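Written below as structure tokens is the structure these notes are about.
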Amino acid sequence: MPSGSGFQNIEEAGEKARRRDDWIAISNFHPGWFSVNMGTGITAILLQNLPYQFPGLHYIAVVLFVLNVIIFFFFLTISITRYALWPEKFKAMLAHPAHSMLLGTFPMGFATIINCIIFICVPVWGDWAARFAWGLWWVDATVSIAICYFVPFMLMTKHTSSLETMTAAWLLPIVAPVVAAASGGVVADALKNDTHALITILVCYVMWGSAVPLAMVILVIYFQRLALHKLVPRAAIVSALLPIGPLGQGGFGLMQLGVVARRVFPRLDFLAPIAGEIFYVMGAFIAMIMWGFGLIWLWFALASFTRGKFYFNIGWWAFTFPLGVFTTATTQMGKEFNSVVFDVLGTFFSIVVAAMWVMVFALTVYKSCTKELFK
């Protein structure tokens, strides 16, 4: 039987092992963890804007918003610590054909915080919160564009890849400006300065034009990969939901930008007097086309999930954000078209996203405590 000193040695060894595991977790941390922010943030946004509200729902959204901010800064601190201690890991991450694609999750997760500031804080705190969100949005837009332009070029010049090894994760760095453009539409709608709003939406249209067509190109390549090489490995099968992300968020973004254009263009005498109405109508029309295109990709994803078992990993957060932004387009169409059908669909999708968030968040916490996600 161990003596008192023996027990002390055992405890010290256990403490050292725990510290070693913590450092291993930090060392193995990668940008994909910011998908937790994406999923948590979009769930808060959906609950805050649910077409059919009930008492207390707003407070649930506020709790998720606060939780999302805490998680974001926690992950940001870990990331800074990781790259400060091991600078070579940053270069290794950029050179990694999979981890570099996950860089897009950082600005997209940040965008959900900006949107929540508009939806939750501005009605309470007033115009200064809108201006604060506007400043944050410029940071998010800059990072999103940098990632969208840089990472695909790395894919062309540095990464070793093939059609067979491709997954829908190729979309992640490209979707970041789509999310930023949609977020810009939300922020611009809250700005009282029409000139600032005009500048914002014009930048958003350019970002949308940079990213959405390129995302369509990736979708064509991805469909070819599926047709020639069949479904992706089961470990990455949840990524089958990613294609509905740019379609849903792109559609929502165009509608939201159109709403702001219809208000701001006539006030500033920008283009023709009818220009704002044209932007609004064309945005709604293109959004419907994109939403319909998203439906068939949603079907492909759901059908893929039935083809066999797949086990939990951090990629399961793709159950939340892509469907979540598709839902924002759905609820926005319900609002703009005054359609009960889209309101009901948006509510249904929102409930599904919230349920998926509860499941994936619980599994993430459990697997993090057991250190399984850091191995």
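Note that Cβ sites are derived from N, Cα and C of the backbone, with glycine treated the same way.
Remember, predicted model here, so these are calculated numbers, not experimental data.
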Swiss-Prot annotation: Leu271 and Lys371 on one membrane face: no
Long-range environment of the transmembrane segment (26-46) - Cβ separation under 8 angstroms, sequence gap at least 6: 61-62, 64-65, 67-68, 71-72, 75, 78-79, 81-82, 85-86, 89, 93, 99, 102-103, 105-106, 108-113, 115-116, 119-120, 314-315, 317-321, 324-325, 327-328, 331, 350, 353-354, 357, 360-361, 364, 374-375
For the topological domain 'Extracellular' (256-277), mean pLDDT (0 to 100): 96
Considering the transmembrane segment (235-255), which listed stretch of 136-156, 201-221, 278-298, 310-330, 344-364 counts the most C-beta pairs under 8 Å: 310-330
Residues of the topological domain 'Extracellular' (189-200) by DSSP state, where helix covers H, G and I: 9 helix, 0 strand, 3 coil
